[in-house]
Amino acid sequence: MQFSSSSITSFTWTVLITVGCLMLCASFSDAQLTPTFYDTSCPTVTNIVRDTIVNELRSDPRIAGSILRLHFHDCFVNGCDASILLDNTTSFRTEKDALGNANSARGFPVIDRMKAAVERACPRTVSCADMLTIAAQQSVTLAGGPSWKVPLGRRDSLQAFLDLANANLPAPFFTLPQLKANFKNVGLDRPSDLVALSGAHTFGKNQCRFIMDRLYNFSNTGLPDPTLNTTYLQTLRGQCPRNGNQSVLVDFDLRTPLVFDNKYYVNLKEQKGLIQSDQELFSSPNATDTIPLVRAYADGTQTFFNAFVEAMNRMGNITPTTGTQGQIRLNCRVVNSNSLLHDVVDIVDFVSSM
C-alpha cells in the first residue's frame, strides 16, 4: 500500500495531537522538581546564566539584588512560573504594573539576553521560570552568599496575574502580623521562611519614596518611626530630604551594601532596618517568634545561609507549573505564538524524556 506525502503528514499530526491529548488527560502535572532536570538536555545552563550575570555586574553592581527580587516577586504570584516577565497583551495586564513592581522591578533586559544565550545552546528546552530560579541562586552566590543546587522542572505560565500580584506582594509598610499573613497565604507558614527570606535585603537598594513616612510622618503622627535608630534617622534624612527626589536610591544594608551576608540582621538589632517591614521582625510587639531568629542569624552567618537556602527551596516549590502544564517560552516576555504546535511538541519531548 502506498501513502501520499499529505496523508503521512496528516497521520503524523493526528498521532502528535492524540499523544498530546492522552498526555494531558494522564496529567503529569505533579512531576517533582529535581536539581538534575537539565543534566542531559542542557548541562551548560547554569554556566550560561552565571556568565550572563557576571558580564552584567561589570556595568550594573545592583543587578544581583534585582534578579533575586524578580524571582521572589514571581514566586509570590501563582508560584514560580515566570509570569512576572510577561509584557502587556490584549488578553491580560502585565505584573510589571503591580504596585510592588511598577517603577521598581528591574533587570528585564538582562533576562532577555540570558534567555537568548540559553536558547542558542539548548533550543526549546529551559523554561524562563527555571532560568530565573537559577539566576536568583547564582546572584546570591556571586555576591558572597551560599551556593546550592536548585530544584528544577518548572514550566512557564500562559498569562500574567496583575490583580493577584497586587494582592500577594508584601508592601514595605507592612506590620509583622500583615507579613506573617502574607507569607502564610502562599504556603510559607514558618517564622524562618519570613525571617530568612527577608535577609535578601542584605544587598540591593530601595527608593526614598518607600521610607518617607518612616522619616517624617509615621502613622500620620508628624513624627519619625520610633523604632528607627536616631543616628540612622539623620543619615537617611540627609539622603532623602523632605522635599527631595523620592526616586533617589538608598542601600538596604548600610554596612556591606553589595555583599550577601548576615549584616542585615545585625542592622535590625541596632534598629537600623531601612524599611518598616524589615524592622518589624525585631521591634514589633508581635515579634516573639522572629526575634530569636534575627539574633541567631546575626550571630552566625552559616546559620543564616542554611535557613535561607531552605526557605528559597520552599518558596521555589510554591504550586509549581510542571509536566504538561504551561509551556517553555522562547521569549520570556511573550507567550509562544502557535502555542498549540509548541505545546504538542513539548509534550512529545516530555514523553520521550521519561
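Cβ coordinates are placed from backbone N, Cα and C, and glycine is handled just like the others.
Counting only residues at least six positions away in the same chain, the Cβ atoms of I84, E95, G100, N101, A105, A165, L169 sit under 8 Å from the Cβ of H73 (active site, proton acceptor). Residues or ranges marked as active site, proton acceptor in Swiss-Prot: H73.
There are 27 other Cβ atoms within 10 Å of the Cβ belonging to V77 (Ca(2+) 1 binding site). Annotated Ca(2+) 1 binding site per Swiss-Prot: D74, V77, G79, D81, S83, in sequence order.
Marked as substrate binding site by Swiss-Prot on the basis of sequence analysis: P170. For the recorded site, P170 (substrate binding site), the DSSP three-state label reads coil. Taking the Cβ of P170 (substrate binding site) as centre and 10 Å as the limit, one finds 21 other Cβ atoms among all the protein chains shown.
Positions annotated as heme b binding site by Swiss-Prot: H201. Counting only residues at least six positions away in the same chain, the Cβ atoms of F252, D253, Y264, L274, I275, D278 sit under 8 Å from the Cβ of H201 (heme b binding site).
Look at Swiss-Prot and you will find T202, D253, T256, D261 tagged as Ca(2+) 2 binding site, backed by sequence analysis. With a cut-off of 8 Å between CB atoms and residues at least 6 apart in sequence, the same chain places T202, F203, K263 near T256 (Ca(2+) 2 binding site), listed in sequence order.
For C42-C122 (among others), the entry in Swiss-Prot reads disulfide bond, with the evidence type sequence analysis. Within its own chain, C42 (disulfide bond) has V118, A121, C122, T125, V126 as residues 6 or more apart in sequence whose C-beta sits under 8 angstroms from its own.
Residues annotated as disulfide bond in Swiss-Prot: C75-C80 (among others). Residues near C80 (disulfide bond) in space but far in sequence (CB under 8 A, at least 6 apart, same chain), listed by position: H71, D74, A129, L132, T133, R154, M315, G316, I318, P320. Under the DSSP three-state reduction, C80 (disulfide bond) is assigned to coil, being neither helix nor strand.
Annotated disulfide bond per Swiss-Prot: C128-C332 (among others), in sequence order. In sequence order, A82, L85, L86, I111, D112, K115, C128, M131, L132, D156 constitute the residues six or more apart from C332 (disulfide bond) in its chain with CB-CB distances below 8 Å.
For C208-C240 (among others), the entry in Swiss-Prot reads disulfide bond. Under DSSP, C240 (disulfide bond) is assigned to coil, being neither helix nor strand in the three-state scheme.
Swiss-Prot lists N88 (among others) with the feature N-linked glycosylation site, giving sequence analysis as the kind of evidence. Its own atom aside, the Cβ of N88 (N-linked glycosylation site) has 13 Cβ atoms within 10 angstroms in the protein chains shown. In three-state terms derived from DSSP, N88 (N-linked glycosylation site) belongs to neither a helical nor a strand segment and is classed as coil.
Here the Cβ of N217 (N-linked glycosylation site) has 14 other Cβ atoms within 10 Å, regardless of which shown protein chain they belong to. Look at Swiss-Prot and you will find N217 (among others) tagged as N-linked glycosylation site, backed by sequence analysis.
Annotation source Swiss-Prot lists N-linked glycosylation site at N229 (among others), citing sequence analysis. Under the DSSP three-state reduction, N229 (N-linked glycosylation site) is assigned to coil, being neither helix nor strand. For N229 (N-linked glycosylation site), the Cβ neighbour count at a 10 Å cut-off comes to 15, with all displayed protein chains included.
Among the features that Swiss-Prot reports, N-linked glycosylation site is placed at N245 (among others), with the record citing sequence analysis. Classification of N245 (N-linked glycosylation site) by DSSP places it in coil, neither helical nor stranded.
Residues or ranges marked as N-linked glycosylation site in Swiss-Prot (evidence: sequence analysis): N286 (among others). For N286 (N-linked glycosylation site), the same-chain residues 6+ apart in sequence whose C-beta sits under 8 angstroms from its C-beta are T175, L176, P177.
The feature pyrrolidone carboxylic acid is assigned by Swiss-Prot to Q32, with similarity to another entry given as support. For the recorded site, Q32 (pyrrolidone carboxylic acid), the DSSP three-state label reads coil. Neighbours of Q32 (pyrrolidone carboxylic acid), defined as other CB atoms within 10 A of its CB across all chains, total 11.
According to Swiss-Prot, the feature signal peptide maps to 1-31.
The recorded positions recorded for this entry are V77, D81, C240, N245, and the Cα of D81 lies nearest to that of Q32 (pyrrolidone carboxylic acid). The two recorded residues, P170 (substrate binding site) and C75 (disulfide bond), show a Cα separation of 12 Å. Those same-chain residues not listed among D74, V77, G79, D81, S83 yet with C-beta within 8 angstroms of the centroid of the Ca(2+) 1 site C-beta atoms are C75, F76, N78, C80, A82, I84, E95, A129, S157, F161. Least crowded of the recorded positions (S83, T202, N245), judged by neighbouring Cβ atoms within 10 Å of its own Cβ: N245. If you take the C-beta of G79 (Ca(2+) 1 binding site) and look for same-chain residues 6 or more apart in sequence within under 8 angstroms, you find I318, T319, P320, T321. Between D261 (Ca(2+) 2 binding site) and N229 (N-linked glycosylation site), the C-alpha separation comes to 21 Å. In space, C75 is the closest of the recorded positions C75, C208, N229 to S83 (Ca(2+) 1 binding site), judged by Cα positions.
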